[in-house]
Amino acid sequence: MTKFIFVTGGVVSSLGKGIAAASIAAILESRGLNVTMLKLDPYINVDPGTMSPFQHGEVFVTDDGAETDLDLGHYERFIDSTMTRRNSFSTGQVYENVIAKERRGDYLGGTVQVIPHITDEIKRRIHEGAAGYDVAIVEIGGTVGDIESLPFLEAIRQMRSQLGRNNTLFAHLSYVPYIAAAGEIKTKPTQHTVKEMLSIGLQPDILICRMDRTMPADERRKIALFCNVEERAIVGSYDVDSIYECPEMLHDQGIDNIITEQLQLNVQQADLTAWKKIVHAIQNPKHTVKIAMVGKYVDLTESYKSLIEALKHAGIHTETDVQITFVDSESIEKNNGDVSMLKDMDAILVPGGFGSRGVEGKIAAVRYARENNVPYLGICLGMQIALIEYARDVAGLKGANSTEFDLKCAAPVVALIDEWQTADGSVETRDESADLGGTMRLGAQEVELKAGSLAAKIYGSGHIRERHRHRYEVNNNYVPQLEKAGLVIGGVSAGRERLVETIELPNHPWFFACQFHPEFTSNPRKGHPLFTAFVKAALNNKKA
């Protein structure tokens, strides 16, 4: 029978529930348990696919093509389990399914209500996502007290009642502030958030206290007394230099022993050797490189969360401190293409994105990298931008652009994909009038790499599988002209469309761009060959 750990948060948002939940999962996995994780989002959007990065941060894409919360990226980076669309659902999906059942007549004319119909659907989805695992860690998005979260909290209250205390555990994350003017740690916010939980029938078994300093023993006793939680189950979650220090930090306070005792799990002791090696590598780099990330969401770096982590992973595996400088592509555009801020950079990266804002600034960055032999990595839109720059400045295609930015451009070297074959062999079609939500080329797709290409050398294989999230693609009608001008198509899709997947420049020290998102499959234990190669290229450029 699957055991459930429910992780909730109180007082304020952005405390790090996802990191805490993933750290617990990593510790339990090191004890020999088969662990999965679920994220329940209370917003009414069906998924975050159409949400602004400034509103939501990064959209993480799963292997099976679900557009999900960025916390699923943390889950995959912390445990050896691949997330699917079953590992994430929102209020929008729950209501969508319940209403569809009502329209079919599945409720036999009954009045459809939050209890039991919505809560039953939530429980059904939790059990579905947890099936086959020893332990499922379920993170409830939002903050206890939010009206949107109530159906989810009621559902897990019912699960505790139905499954019992030895099969369910509630871990609540709270904020314990330090008031500098008074020189005191304040526990009152934590007392109030637990009071809020108790009002809806939830008693925390573990309190994880988010703090910027170690908790004094008397404050721990005070929280335990007022919140009716064992003193040893008051666990501190302190500020650390790297999120990968969190599993060891929580383990050192005995959190996994509390969990295994309550859930009656007879398992081996935790072995966090791999995590200690990761932390040691982060804390003891032998080299330093500066990488410019040129994008338009740089005011909220959470928009590039997986990408930032992938570069850090490459740093771990090359013993390098990767220092990222975020460059606003729109500022380059406004300053007439001034890229002087790139001159001290060892490499340049242009990430994915949507829309025309800041595009010419990105093109200027690509031009600088190409003309000055600076290592360049383009991802998704970053590949399309590189191709547009090459088409304009090298192949002589005047007016080269993407129809995403200019529907009537003279040379549409990038255009809307109107038809493609998915990984399972089915064919999808789109046009300009299609809905935006869930209509892109999504999830893992097969890619064939050209023998002898930089792509094949990086991956050490002629066939790879990478995740995608895009609506526009290289226009194959222009490929012959671009190849004649020297561009190398290093990878194409394995389907009948032979869509361009990677491009490279043979007479450049290291210039590579891909249509897919390799950052979604990087983790600190293994890294990713593409990012490792990119950081090595940056190191070589620095030495040169």
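Glycine residues also receive a Cβ, built from the backbone N, Cα and C atoms like all the rest.
Of all Cβ atoms in the protein chains displayed, 22 besides its own lie within 10 Å of the Cβ of Cys380 (active site, nucleophile). What Swiss-Prot lists as active site, nucleophile is Cys380, and the listing cites sequence analysis.
Annotation note: His517 (active site) sits in a coil segment as assigned by DSSP. In the shown protein chains, 21 other C-beta atoms lie within 10 A of the C-beta of His517 (active site). Summarising the annotation, Swiss-Prot assigns active site to His517 (among others).
Per Swiss-Prot, the feature active site maps to Glu519 (among others); the stated evidence is sequence analysis.
Around Ile147 (CTP binding site), a 10 Å sphere centred on its CB holds 8 further CB atoms from the protein chains shown. Reduced to three states, the DSSP call for Ile147 (CTP binding site) is helix. Residues or ranges marked as CTP binding site in Swiss-Prot: Ser13, Asp146, Ile147, Glu148, Lys186, Thr187, Lys188, Pro189, Thr190, Gln191, Lys222.
Under the heading UTP binding site, Swiss-Prot lists Ser13, Lys186, Thr187, Lys188, Pro189, Thr190, Gln191, Lys222. A sphere of 10 angstroms centred on the C-beta of Lys222 (CTP binding site) encloses 17 other C-beta atoms.
In the three-state DSSP scheme, Gly18 (ATP binding site) falls into the helix class. Within the same chain, residues at least six positions away from Gly18 (ATP binding site) with a Cβ under 8 Å of its Cβ are Lys39, Asp69, Leu70, Asp71, His74, Tyr75, Glu139. For Ser14, Leu15, Gly16, Lys17, Gly18, Ile19, Asp71, the entry in Swiss-Prot reads ATP binding site, with the evidence type sequence analysis.
In the three-state DSSP assignment, the secondary structure recorded for Asp71 (ATP binding site) is helix. Just so you know, the Cβ of Asp71 (ATP binding site) picks up 27 other Cβ atoms within 10 Å once every protein chain is counted. Taken from Swiss-Prot, the feature Mg(2+) binding site applies to Asp71, Glu139, supported by sequence analysis.
Summarising the annotation, Swiss-Prot assigns L-glutamine binding site to Gly353, Leu381, Gly382, Met383, Gln384, Glu404, Arg471. Secondary structure at Gly353 (L-glutamine binding site), as computed by DSSP, is coil.
For the domain 'Glutamine amidotransferase type-1' (290-544), the model's pLDDT averages out at 91. For 290-544, the entry in Swiss-Prot reads domain 'Glutamine amidotransferase type-1', with the evidence type sequence analysis.
According to Swiss-Prot, the feature region 'Amidoligase domain' maps to 1-265, an assignment based on sequence analysis.
The shortest Cα-Cα distance from Gly382 (L-glutamine binding site) to any of the recorded positions (Ser13, Ser14, Lys186, Gln191, His517) is found for His517. Ranking the recorded positions Glu139, Glu404, Glu519 by how many other Cβ atoms lie within 10 angstroms of each Cβ puts Glu404 at the bottom. Taking CA atoms as the reference points, Lys188 (CTP binding site) and Cys380 (active site, nucleophile) are 47 Å apart. Comparing C-alpha positions, Arg471 (L-glutamine binding site) sits nearest to Cys380 among the active-site residues Cys380, His517, Glu519. Around Gln384 (L-glutamine binding site), the same-chain residues at least 6 positions away in sequence with a Cβ under 8 Å from its Cβ are Gly378, Ser402, Val414, Tyr472, Val474, Gln515.
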